[in-house]
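**Q** Annotated disulfide bond per Swiss-Prot: CYS73-CYS230, CYS164-CYS384, CYS185-CYS212, CYS393-CYS425, in sequence order, evidence recorded as similarity to another entry. Residues or ranges marked as N-linked glycosylation site by Swiss-Prot: ASN72, ASN108. What Swiss-Prot lists as topological domain 'Cytoplasmic' is 1-9, and the listing cites sequence analysis. If you look up Swiss-Prot, you'll see 31-440 marked as topological domain 'Lumenal', on the strength of sequence analysis. Annotation comment: Swiss-Prot describes 10-30 as transmembrane segment.
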Amino acid sequence: MKMAGWKKKLCPGHHLWALGCYMLLAVVSLRLSLRFKCDVDSLDLESRDFQSQHCRDMLYNSLKLPAKRSINCSGITRGDQEAVVQALLDNLEVKKKRPPLTDTYYLNITRDCERFKAQRKFIQFPLSKEELDFPIAYSMVVHEKIENFERLLRAVYAPQNIYCVHVDVKSPETFKEAVKAIISCFPNVFMASKLVPVVYASWSRVQADLNCMEDLLQSSVSWKYLLNTCGTDFPIKTNAEMVLALKMLKGKNSMESEVPSESKKNRWKYRYEVTDTLYPTSKMKDPPPDNLPMFTGNAYFVASRAFVQHVLDNPKSQILVEWVKDTYSPDEHLWATLQRAPWMPGSVPSHPKYHISDMTAIARLVKWQYHEGDVSMGAPYAPCSGIHRRAICIYGAGDLYWILQNHHLLANKFDPRVDDNVLQCLEEYLRHKAIYGTEL
């Protein structure tokens, strides 16, 4: 009755006006419906529609990655000790632990790529023009644990970026097939054209990245920087935050590069040979080419496109590459030394003032067991709340607040078999920040 009275007031009694009145009502109704309608498939964060809180909420609800267990991720990311303790206790309850997703699961779900991407909640459009205009390249080296790989890919995925995946030749066939099935669902993710068997601490780890470098440079995507990852890495910044950090480098690279200790100098004093493992020989190596000063770091880098091009094409770089092939863990001194070489784009001088620690570089955040301690007594970080493997912390929920205070783009190591709560909370945090631009 009230609606009828309202119509009469708006359109008083003349039949000639009836059509116009109903048209007016239709326009009002249409505008109201459009106000609450969002085309999530074609939305981006800078579109007019996205300024609506309603649309933003709809998008987040369609893409959110909430922790599957009853833990307080917002509290954990803010360092709330009660929330952390509850998460650590929850992680100890074996009956609550979910078995990891299998190769077979991914082989089945990827038969329908659209269903796979929707169900696993991949972001399938650029979230801003700034990100669209600044594509990032990834070299992803993996050998096991298919769910870890898929979750890492989902966390760093953006349709404007480009991803090269290198799978260890020694990996099980079902794992290789599952990786192929996943990447077949994305036009900007591909398998490296040349695969090698990767042996711990040997040259093959570098060769895997070099193979991806060659493929990525041949891609049609005009990427600006290359990041390399392994299966235990995870981003701690959104893609938008990474773009901002990379732009601030202004063409420079960012990677650990320090003076080697005496023990590390032994890594290139003798030749090493590879069978199933790496072992030293009694054959001494010649000094580095052109007496180039050697530096040490780690396997991870943030490298400009020009740096990558010079790694592959510059004759001086190629001489050094050949020289380090029979050293121990060459990935930990090749990149660090090239970063101080004067002919390399984006490098820094070899002077001590330019030494770069892993905490100063933005490439990777790692918590080493022998550096852990009481921060009030000068230790660089508190003890690991997870466990240690090869003296590296596999993070637990108690580490997440500290992790998020750092400027690095990615952190290492994560393993859902050790603590899935920290990974789930990090996923939830990153997805919320990507959509809303704010923390949990």
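Backbone N, Cα and C define each Cβ position, glycine as well.
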**Q** Within 10 Å of the Cβ of CYS384 (disulfide bond), how many other Cβ atoms can be counted across all chains shown?
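**A** For CYS384 (disulfide bond), the count of other Cβ atoms within 10 Å is 18.
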**Q** Listed recorded positions are ASN108, CYS185, CYS393; which of them have CA atoms within 10 A of the CA of CYS164 (disulfide bond)?
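**A** Within 10 Å of CYS164 (disulfide bond): none of them.
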**Q** Nearest to CYS230 (disulfide bond) by Cα, among ASN72, CYS185, CYS212, CYS393 (recorded positions)?
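**A** With Cα distances computed to CYS230 (disulfide bond), the winner among ASN72, CYS185, CYS212, CYS393 is CYS212.
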**Q** By CA-CA distance, flag whichever of ASN72, CYS73, CYS384, CYS393, CYS425 among the recorded positions is nearest to CYS212 (disulfide bond).
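**A** Closest by Cα: CYS393.
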**Q** Sorry to bug you, but what's the C-alpha spacing from CYS185 (disulfide bond) to ASN108 (N-linked glycosylation site), rounded to the closest Å?
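**A** So the Cα of CYS185 (disulfide bond) lies 13 Å away from that of ASN108 (N-linked glycosylation site).
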**Q** Measuring Cα to Cα, how far is CYS185 (disulfide bond) from CYS384 (disulfide bond) in Å?
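**A** Given the Cα positions, CYS185 (disulfide bond) is 37 Å from CYS384 (disulfide bond).
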**Q** Can you check which residue among the disulfide-bonded residues CYS185, CYS212 has the largest number of Cβ atoms within 10 Å of its own?
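**A** Of the disulfide-bonded residues CYS185, CYS212, the most buried by Cβ count within 10 Å is CYS212.
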**Q** Reduce the DSSP letter at ASN72 (N-linked glycosylation site) to three states and note it down.
**A** coil
